[in-house]
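According to TrEMBL, the features are:
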- 29-417: domain 'Major facilitator superfamily (MFS) profile' (DOMAIN)
- 27-51: transmembrane segment (TRANSMEM)
- 66-87: transmembrane segment (TRANSMEM)
- 94-118: transmembrane segment (TRANSMEM)
- 124-141: transmembrane segment (TRANSMEM)
- 153-180: transmembrane segment (TRANSMEM)
- 192-213: transmembrane segment (TRANSMEM)
- 305-325: transmembrane segment (TRANSMEM)
- 358-381: transmembrane segment (TRANSMEM)
- 388-409: transmembrane segment (TRANSMEM)
């Protein structure tokens, strides 16, 4: 006897998620994800406040500062796609926990780096881990939301980024002016080292907090673990309604496999028929490769290219200017001290040199971090030569990003299925 009739009683993901209601669990998840995103904002921009303070300790030139400010972006360039692919194959939660804990530990180690090269290398690794958090946190949060609320909840996340950008200068204002001088010779620990160390602690705490949250039920369902997905949804139902699991109306889930995943797995299956000795690691890289190729085929090609271009133009300008503004303000201060009562433009003070789906999202962020890397290097080279060129260049890229956004489709009302 056929069991096809059971399919009629199985719930699709959107309907099953709708039955869980909206309440305590979503608000708790938004809070945790928001704090993670706020911590990410701090991790991305912390170098901008370290540059003026660490200049003497590391004897940095403007070019050295450009390389230092670009090193986290290089790490993000490498890490965005790597972590995004891993999250699509191994799970969102496990990658988030891994990247947060690694970011915190490496951040603490970077605070005691005795040499410029070591500090730059550790901040590059920090950027590698931060990229994983940035490209996964939105899909992870969004997959717990219904269509009606998903767009609004994800927009609320941007408030936490703003809070992080506002909070970081306050922390720097409190800590960096402190007179802390520990060590001598190759080892030193000043106020800016304490600033870097304390800013790394939240990553560890948030990584540990994530152990209390479940894996994305959408991810579980797409990977054939419908029973585990149903358990997560029932858990959400209990948290939101206070009722027992037995009252949750959905008893089975209709498995859903994305076209992107289906194409990749079909190719992998063909490969395994030809190569029976295929290892798990090789299978992982094959899955990443085939899903990547699918992103650049119809019907994904157009939107993939537009999104990558937007990320490149936007982050080239945004991150570069954000990282270098404290350095520019420091030069204003130095100019006023050496030329009291003399008005100055940005170009005047620049002459004063003083002693900054997950896979698709990951792909676009990879281009974005590439732009940020390039932008920081360009700014570091040009700020001492001609300040007008980089500012006009980055402003033009922002206009380009705004124009390209009009070419993207509106998807706020689409189901996650």
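Placed from the backbone N, Cα and C atoms, the Cβ positions cover glycine too.
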Note = Relative to the transmembrane segment (66-87), the stretch among 27-51, 124-141, 153-180 with the most Cβ pairs under 8 Å is 124-141
Note = When pLDDT is averaged across the domain 'Major facilitator superfamily (MFS) profile' (29-417), the result is 77
Remark   = Sequence-distant contacts of the transmembrane segment (27-51), meaning Cβ under 8 Å and at least 6 residues beyond its ends, amount to 60, 65, 68-69, 72, 96, 100, 103, 107, 123, 126, 130, 133-134, 137, 140-141, 144, 153, 156-157, 159-165, 167-169, 171-172, 176, 192, 195-196, 199, 202-203, 206, 209-210, 213, 239, 319, 322-327, 330, 356
